[in-house]
Structure formats: structure tokens, C-alpha cells
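Positions annotated as transmembrane segment by TrEMBL: B:6-26, B:33-50, B:56-75, B:87-113, B:150-168, B:189-209, B:215-233, B:245-270, B:282-302. Positions annotated as domain 'MrpA C-terminal/MbhD' by TrEMBL: B:15-78. The domain 'Na+/H+ antiporter MnhB subunit-related protein' annotation in TrEMBL covers B:189-295.
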Amino acid sequence: MSIELLALVLIAAGAAFFVVGTIGLLRFPDTLCRLHALTKADGLGLGLTCLGVALLVGSVGEMLRILLIWGLVAVSSAVSGHLIAGHVLRSNAPVRGR
Amino acid sequence: MIDPLLLFDVILGLAIVSLAVTVLVVRDRFAMIVLVIVFGLMSALAWVRLAAPDVALAEAAIGTGLTGALLLATWRQVRTEPERWPALPRGVMVINMGLCALVLAGLVGAFLATPLGTPGLGVAVADNLADSGVEHPVTAVLLNFRAYDTLMEVVVLLVAVIAVWMIDRGVSQAPQPTLGPELGDLPRGFARLVLPAITVIGAYLLWVGTSAPGGAFQGGAVLAAVGILLLLTQRYQPQPSHRPLARGVFVLGVAGFAAVALLVAGGGRVPFEYPADHAKTLILLIEGLVTLSIAATLAALFHGREPEAISTQGGRS
């Protein structure tokens, strides 16, 4: 019971990070700021959600698979963020403070 | 008290419909592609809600990931052209609307004519699952009970890649546009890190398909992502000398599939009536060959035209 409650809290916290990140994506002025909001939300939100789900599954194998999914998404999210930021810097898109 | 999941389903359904409408209405090509990708992800979620994880996996991997990559690669080649569509003649629009209305009427008719609460063919599949050679009903249907349809689906992919190579050979003598800017060290490191993992995951999806959601199409799509990453990071550059090998891999799935069907038909059986002792082996053999073909075909579609010598100027090798 307490484990399920803990998982619920973790997943809810993860969802909250996604909501905050989405608000940032919609409200922030330029691509780099939006990227900042999105990558933070993505990293923490997904991490917390995966942690919560991992607590709920029964077997060690499934836990390891969730861990693998989290690792792959985290790495690809970081690399895509880097690629988009590099593209913004090379292009003439408006960036605050340039 | 409303079931909160029902609320979720209604919101999801509305989101899918409004995404579809927005894709048709928006005038910016890039926004259109992004919306199609989001539409695919939402559809995958809807398939999960309909308890069809196999379809959800295929929708996410092929319908969203690979189609998105194909659309973006196409966008890269046409983005310098003006963003204007020629106006359609009114007659064509009226005919299109009429055809769409006919399809809609057919779907509504089929839905209304189906009695509610019938088990469908699920019972028949469950009854015969033990004879199919695999434990997962979807794989049993795809590779055994209606294997002929699946063979035709693999043929469609083969025809697609033949068509793309033929058309590109005809329309353009211009030098091949590069896939993208030099990506730098980070994506190369990323590729080195994830490529082994993706390869294992693709093979795992193929193998697990005999007893759980997964299979040749899902595994093939994931392996195609390996090819796309290799192409994007320029770790693999197609050469004209690779063409025979590529053609061989394209037809491998269809050829192997058809060969098994004909071979089992030899001993007084009908095609696709696998001998019970070897059903699982044969299904895995077919799926393995089809997976390789799907992966190579999808990656080749992403690359576009057939490989040619880059050093020659304008001329064909």
C-alpha cells in the first residue's frame, strides 16, 4: 500500500513537471528559453514517472527495461536539445541578449 | 461519477480529430509535418487505450518515427520551393468530397450493421492458437492464419522501394542533395552509444513477437532507425557497388516468405499450412528475413534515390 502511494506521488510529481515544462514552452520568448524549459521538464518529469512506474511493476526484468527506456530517452533528449540549440545559434533566429 | 478514463478517452479522441483537421488547414509545411508526427503519437496512445499494443507499437515506430523521418527528409529537398499550392479545380474538390463521404457512409454503415457485444473472430483464434506454433495471438494471425495478407504487405514495401529508385532515376540528373549539415561530434558519439542498444532492441522485438506484442514490422522499423542514424552521421555512405547487395536484401523477405509457402505446399498441404512440429521455426525464419527486408527498405526509402558515385559530375555511374 505504502509503495503504491509513493509511486502515485512520484508519477504525479513527474506529470507536474511536464505541465510546468509545457507552460514554459508556450510562454517563453525565444527558442533557447523554450528549450531550457522543455529539457528540464523532460528530464525530471520522465525520471520521476519512470521511478514511479518501476515501483509498481512486479519483476526485476521489467524494472530494468524501464530503466533502459529512461536512459535512452534521456540521452536522445539531451542530444536533440543540443542539436536544436546549435541550429538556433547558426541561424538568424532572434535570441535574447545576442 | 464519470469514469476518469472515459474522460481521458474523450479528450484523446477530440485531440486526434482536431490534430487531423489542423494538419489539413495549416499552410506551413514544416508545421504540417510536426503535426502529423504528434497525430501519430496520439494515435499510438489511442491504440494502447483500445488494448492493441501491437498496433500501437507499429503506429509509433512506422507511422510516427519513420514516416516523420521520411517527411522531414522530403521537406529538406523541397523547402526552397515557394510555399504555394496550385488551386485545385472545383470539380476535383467536389469529386474528392463525394468519395470521402462515400467512405464515411460505408464506415458508419459497417459500424451500425455490426451487432454489439459479439466476440468476433477472437474466439476462433484462441481455439486454434495451440496449432499455430506461437503463443501470441496477433503473431499467429499475421504469420499463420492470414499469412497470405502479410506476404502482400511485404510485397507493397518492395514495390515502394522499386518505385522510388525508378522515379528518382527518371526525374533528376542533379547531384544528390546531402542529407544534412555536418552534424559534429556529439551526434556521432550518440550514435556510437545507442546503435548497439537499438540493434539489440530490434532483435528483441522480433523474438518476443512469438509470445508478446512485437514482431517483424516493429523490429524492422527499429532496425531501420539504425540505418537512418548511420546515414545521418555519415558512418555509412551508400556506394554504387552496394546496389546488388541492397537489392538482394530488399527481396529477401518476399522471396523467403514465398519459398516457405511453396515448400510446405509440396507435401500435400495448402500454402502456409506449416507442419505442426516446425511451425515456430518456420514463422521465426520468415519473420527474421522479413525484418531484414523491412529494415533495409525503410532505410533506403529515407535515403531516397539509389546510391551513385558522388565524385562524378552530373553523370550517372
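Each position is counted from 1, following the chain as shown.
Positions of Cβ are set from backbone N, Cα and C atoms, glycine also.
Remember, TrEMBL labels are computer predictions, not curated facts.
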Query - Stretch-level contact, the transmembrane segment (B:150-168) and the transmembrane segment (B:282-302), CB cutoff 8 A, at least 3 pairs - result: yes
Query raised in the report: Mind checking which residues reach the transmembrane segment (B:33-50)? Cβ under 8 Å, same chain, six or more beyond either end.
Result: 5, 8-9, 12-13, 15-16, 19-20, 22-23, 26, 56-57, 59-60, 63-64, 67-68, 71-72, 75
**Report entry** Per Cβ pairs under 8 Å, the stretch of B:6-26, B:56-75, B:282-302 packing most closely against the transmembrane segment (B:215-233)
**Finding:** B:282-302
Query - pLDDT averaged over the residues of the domain 'MrpA C-terminal/MbhD' (B:15-78) - result: 91
Report summary line: DSSP puts the residues of the domain 'MrpA C-terminal/MbhD' (B:15-78) at 58 helix, 0 strand, 6 coil
